[in-house]
Amino acid sequence: MENRERAGAGAVGSAGSLGLRVEQAVFSSASLLFMSVGVEFFSYTAFCFLVTIMGLVIPWSCTLAMIDVYSILVGCPLRVPGVMVIVVIGDWVLAILSLAAASSSAAVIDLLLQFHGSHCSPRFCGRYQLSAMMAFLSWFLTAASSLFNLWFIASR
């Protein structure tokens, strides 16, 4: 048990992976909700990009969380090399896109705040800042998941 868990800590089909996936979905949903509350986000391409990417991360994370739950309940982790490579590539792509979306949104928010609120009311700018922060947290978890799965593939 200890050897199996150590080799698969954070890899698809483990409790660590389930925790990462649930947290990814929660932070991505929070980012999406904070951004979508303000109707004005359509005016900025970076904000639309963030909404689009968070909208992709949520179903990806939820689907892999369901696979993790199934693997934990059945007791047979899904460790097929081809599937693991697809998960790693998907995580890498979403991690890169999440970082790009969070960074560009944070830059636009910083620019809007430098104009002393003339282009963004403090209420909306605060929500946009929270959205970018949640997107960064989602990116961190997606990158960590990708690295755990890559480590598992390399250790085989």
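Cβ atoms here come from the backbone N, Cα and C positions, even for glycine.
From a predicted model like this one, the values you see are computed outputs, not experimental measurements.
What Swiss-Prot lists as topological domain 'Cytoplasmic' is 1-24 (among others), and the listing cites sequence analysis.
Same-chain residues lying 6+ beyond the ends of the topological domain 'Cytoplasmic' (68-81) with a Cβ under 8 Å from its Cβ atoms: 8, 11-15, 17-18, 21, 152-153, 156. Summarising the annotation, Swiss-Prot assigns topological domain 'Cytoplasmic' to 68-81 (among others).
The annotation topological domain 'Extracellular' is assigned in Swiss-Prot to 103-132 on the grounds of sequence analysis. Residues 30-32, 34-35, 37-38, 40-41, 44, 46-47, 49-50 of the same chain, all 6+ positions outside the topological domain 'Extracellular' (103-132), place their C-beta atoms under 8 angstroms from a C-beta of that stretch.
Per Swiss-Prot, the feature transmembrane segment maps to 25-45 (among others); the stated evidence is sequence analysis.
Here Swiss-Prot flags 47-67 (among others) as transmembrane segment.
Sequence-remote contacts of a segment are chain residues at least 6 beyond its ends whose Cβ falls under 8 Å from one of its Cβ atoms, and for the transmembrane segment (82-102) they are 11-12, 46, 49-50, 52-54, 56-57, 60, 64, 132, 135-136, 138-139, 142-143, 145-146, 149-150, 152-153. As annotated by Swiss-Prot, transmembrane segment applies to 82-102 (among others).
Cβ atoms under 8 Å from those of the transmembrane segment (133-153) belong to residues 7-12, 16-17, 20-21, 23-24, 27-28, 30-31, 34, 50, 53-54, 57, 61, 79, 81, 84-85, 87-88, 91-92, 94-95, 98-99, 101-102, 105-106 of the same chain, restricted to positions at least 6 beyond its ends. The transmembrane segment feature in Swiss-Prot is assigned to 133-153 (among others).
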